[in-house]
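As structure tokens, the structure follows; a few thoughts come after it.
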Ligand code: PAF
């Protein structure tokens, strides 16, 4: 039976009071931050939260500061009532739906900038994006005050940026990554998949297939450079373009690597028509 008693909060004070009451009763609180447009990947985060703690808060806020001027902020899918029904069905205890004035009151002038892991990859193509993410997530963590916060590994660089901000700022919360959920054909679940035309949707799983093939090559001891050149050509032949990046990086620092002689991650971002897809995969050390 699904529990449909989702408590809805728009203001910080009553949400904090509820979280404090749960914690005073010895219950752990898990935050699942989202921008809505929920899909099975988000619901897997809620399911994981329920495994970890008795109380789950999901936030829904389409954060304007993490979108660039030419990005899809205004057309980003928004359907709050469907999202709330899905959260209730998945067994979340509370939804936090702040408005822009709550997150960015007039005169707001503080940004959280995370160096190193924010640079390169998506950071090179989306200037200001990770600062927007780090700022809003720091605020959400301070507002909700959870014991644990969950983030999908699909946004791998984002996960590392958030881990670094939490560590550097001594925020009292544990950050956990949750593995990417995929369609049967390998396409990583994403709110942006709904932008794909039927033809693009058929081509989209090539992104994961190319990452998996590079992972196999690295596991067999091949050099990253050749595998990446082949992978890029394969993506372009499948209709992707521009391929913004296809790279093998150290799984913790995101520094470039030549061989999988330590835990590495293969990461890619590429356009399919107007839709920008990202994905990543761990490579097994030979
Ligand atoms: O991954 C997302 O949906 C967003 O970047 C996040 C973490 C909710 C911050 O706005």
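Easy rule for this one: first residue shown is 1, then count along the chain.
The backbone N, Cα and C atoms fix where each Cβ goes, glycine too.
Annotated ATP binding site per TrEMBL: 35-42, 152-155, 181, 189-192, in sequence order. Residues or ranges marked as active site, proton donor by TrEMBL: 42. Among the features that TrEMBL reports, beta-alanine binding site is placed at 66. Under the heading (R)-pantoate binding site, TrEMBL lists 66, 158.
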*asked:* Checking your reading of the structure: which of the recorded positions 42, 66, 158 lie inside a 10 Å Cα sphere centred on residue 181 (ATP binding site)?
replied: 42
_Entries of 42, 153, 181, 191 (recorded positions) sitting next to ligand 1, with Cβ under 6 Å as the cut-off_ = none
*residue 38 (ATP binding site) to residue 158 ((R)-pantoate binding site): how many Å between their Cα atoms?*
18
_Number of other Cβ atoms within 10 Å of the Cβ of residue 153 (ATP binding site) across all protein chains_ = 18
_So if I draw a 10 Å sphere around the Cβ of residue 158 ((R)-pantoate binding site), how many other Cβ atoms end up inside it?_
23
*Cβ atoms near residue 41 (ATP binding site) (within 10 Å, other residues, all chains)*: 20
